[in-house]
Amino acid sequence: MSRAKTFLYLTIGLVILFSNTVETRKQVKKITLNDVLETFDLLPKTETQRATINWDVNCSTAINQMIQDVTNIGNIFYLLLNGLYLGQWGDYESCLADANQGQYLLVNIAGDYNGTADFTRGGAGKYKNFSTYVGMCIPKQCQEKDVVSMNPHFTSMAMNVNWTNVSVSYTFASRDNSAKASSLTTGALITLLILAAMIVLGVVGSIVELSKAGDIADLNYEKLNAAAKFNTVKQYEPILLQRKKAWARGIMCFSPIRNFIKMSQMPPPYLKAMDGQLNQDLVKNLRVFNGIKALSSIYFIYGCTYFFSWYAIYDNPSDINKMKNNILFAIIPGVFFIVPMFLFTSGFLSTFSFLQTKETQQFSAKNIWNYYLRKVIKVIPFNTFCIAFFIFVMPYLGSGPIWGDYEKIVDPCKTYWWTNALFINNFYPVAYDDKCLGWNWYLPVYLQLTALLPFILLAYKLIKKKIIISIVFLIVMSFFFALNISLVATAKNGAVPILDDDNRNYKFYADIFMKPWFHINAYLLGVGLAMIYYEYVSEKSQTQPEEFEENSIPQRILNAINENAKIRYPLYLFGLFLMFISFLGCHGLLMTNDRYTAQGFYASFAYFTFALGFSMLIIPALLGKAQFVRFFFGGDLWSPFPNIAYGIYQVCPMICLFYFISMSNALHVDYQMFFYYFCGNFVFTLTLTNILYIFIDRPFSSMIRHLSDMEELKKNITEKNDISNFKKGVILGVDDVQRRHSKQNMMDLNNHSLSPKEEDNNAEDEAQLDGLLLDNGSNRNNQVQDKNLTSPKAKIIAKQESSFFNLSDGNIDPANLDVPTSNMKKRPILIQEEEEKHDSRE
């Protein structure tokens, strides 16, 4: 409820109280609340009554009738909701909701401001030159020809506060917004139908996952439910896929429950590395990249908050230049350093993942095809949907005095939408404002650089001498350094996307910053370090490929960093120094100047140097050192971000633009307000990203990975997760026995000293017992108990097994059931205890 409405209702209440007091004294009939509401036209009306407009009355007559009928509360709102002075926009929402058949009119008063006061009552934005505005609430009968008569009034208002060369224009904001939202376009209908279909498929997929629908025959659901209560997601997934028929497995790809759980897990390449033969103590340190992606995504949201606020109207645009004189303003252009960080991380992880493939299959046609398929095809559905939603659906969701500017943002997409579909929008069209969603340039840059990776790794495999590879890397990177210096110095468009005399340097942004060769060195840095690290991990895991040399130069370098603190700490300091000078160095280059060579060197080296400095903090962490870095960046808090980082990049601009262009007043700019806007954008970006990812992105990703997941499932089926263990009439096998046995029993097994005779009996008894434990028949319990076992170790094992074999299909106690995470059969107890400690650390 607006303040004006609250004030009127309080006034009405006082009128009722006063009237009742007076009438009581005169002993006449009291005035009721309904009488007052009817007098002031506050009684509820039907939609038909509200929609009635007397079009036979012109604008002047409608205004005169409004003035004469002051008892009508809707007419009073016309007076309260108008802007009374320059810079006051009135109340857009209340004008449409509370005024009788009102429409909102935004008056734009342009000219030259010659005053000395800081408070000019003017504003500016991307689509609005510096001018001042007044919001008006007028009857719907008023048209353009009627409001022109108010020109002298607004001109006089502007001239009285030192505006000259005044011109007045009008925007019928509410009428234009209503006309656009009157009917859905074909594109909007198709987009909404696709969204509705994905939601329906998601509901059906969840029902299939959680119910018996699509199950194979003869399953013992009591055992399945008992096991599911104690299994991890990794253990439950194989059983789930085995128990469902083919069509059910397909529909489960759309299940939002399953997709949300998968989103919270580590990325598949990391899980593959942890399950492989590589040294897990080293591989688990890759979790630090979760924190890098997470913090970069959060910083990106802050950058979007500033960048897209310019699409609204600032009421203090002159303060932006004052802010730029402060060193704290470096946090704004510093947002662009997340680009080399993202590309460095992508290059490292993509290379490490690719090298995990078996050497005989790495460059096979099938593996190369799968590589490009997963890199390109998996991003197409989400990218396409976001573009369609932004172009076709969002225009119907917003409103406000300047919401008409939204049409200017999406207008280029009518002509150049296909450039986004082909991932070439960072090249064509050239000008930023001509691009379809010009900020959506990172995805094509990422894919263009990613397309080079197989060729880089093929050269790495073919060239046996690593010194030659190092020289080639240096030559290639030096070439691109020189190229970027030349391009920036020749273009003379600055070194950062923000300048002092132009709030956004779109020329540098579109011509230089969006091109893949500007960022290729940061990507190559990640690729090169991943090669070295993979070689190091392989050697430590004793699984190095044949071409890896013992005690190679990379291994010696990383060993020196790992073992010598005198090397690590200077490395930390030097890395922080490189990041610091790169981050703050842009402050002196914000302003337009003729130091073109300096701009070229800064633009070419700063972004790469920032990633290089950060890598000096990451390398020790990957080796198991830098405990604070591993703790902070590798924490579980950041685990969900790697899977939604790309979605945040797509969704955040949509949220920011919707928020700022829907504002009913001019935007005030300072650091505190930016943080306030950032908090709102952060919450809504994460919420919408997760929703769209669950229903749009994850289903297609699951379908792409479905065949490979089934192949992996067939390879990894063991006795403990074989679905045959959960069919009717089958007792759960030995692998499903409670993993953590009594500590006393373990001590007995490990500490019991055997006499020579007992040692002879031990082998024979264990062989008999092993044969019985492999039997899944219903008489296994009796056979174990009936055996005359003389070996102490065999007796203890038989005692432990007997408690489990007493379970029957109809009497399972889930409290005594703990499905193990690894095969326990014939495993020495000391080794078992060591593995339990390792699992607990993970």
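Cβ coordinates come from backbone N, Cα and C, glycine included.
Just so you know, TrEMBL annotations never went through curation; they're auto-generated.
Quick look at what TrEMBL annotates:
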type: SIGNAL; residues: 1-24; note: signal peptide
type: TRANSMEM; residues: 187-208; note: transmembrane segment
type: TRANSMEM; residues: 294-314; note: transmembrane segment
type: DOMAIN; residues: 317-692; note: domain 'Acyltransferase 3'
type: TRANSMEM; residues: 326-355; note: transmembrane segment
type: TRANSMEM; residues: 376-397; note: transmembrane segment
type: TRANSMEM; residues: 441-460; note: transmembrane segment
type: TRANSMEM; residues: 467-489; note: transmembrane segment
type: TRANSMEM; residues: 516-534; note: transmembrane segment
type: TRANSMEM; residues: 571-590; note: transmembrane segment
type: TRANSMEM; residues: 602-623; note: transmembrane segment
type: TRANSMEM; residues: 644-662; note: transmembrane segment
type: TRANSMEM; residues: 674-696; note: transmembrane segment
type: COMPBIAS; residues: 776-791; note: compositional bias 'Polar residues'
*Where else in the chain does the transmembrane segment (187-208) make close Cβ contacts, counting only residues six or more beyond its ends and a cut-off under 8 Å?*
214, 244, 248, 251-258, 385, 388-389, 391-393, 396, 694-696, 699
*Can you name the far-off residues of the same chain, 6+ from the ends of the transmembrane segment (376-397), with a Cβ under 8 Å from a Cβ of it?*
180-181, 184-185, 187-188, 190-192, 194-195, 406-407, 410, 413, 417, 420-421, 423, 436-437, 440, 443, 447, 646-647, 650-651, 654, 658, 692-693, 696-697, 700-701, 704
*Across the whole of the domain 'Acyltransferase 3' (317-692), what does the mean pLDDT come to? Round it, please.*
87
*asked:* Please report, as numbers and ranges, the same-chain residues at least 6 past the borders of the transmembrane segment (294-314) whose CB is under 8 Å from any CB of it.
replied: 123-128, 133, 320, 331-332, 335-336, 338, 341-342, 345, 402, 405, 409, 439, 503-504, 633, 637-638, 641-642, 644-645, 648-649, 652-653, 656-657, 660-661, 663, 666-669, 674, 677-678, 681-682, 685
_Interface present between the transmembrane segment (467-489) and the transmembrane segment (602-623) (three or more C-beta pairs under 8 A)_ = yes
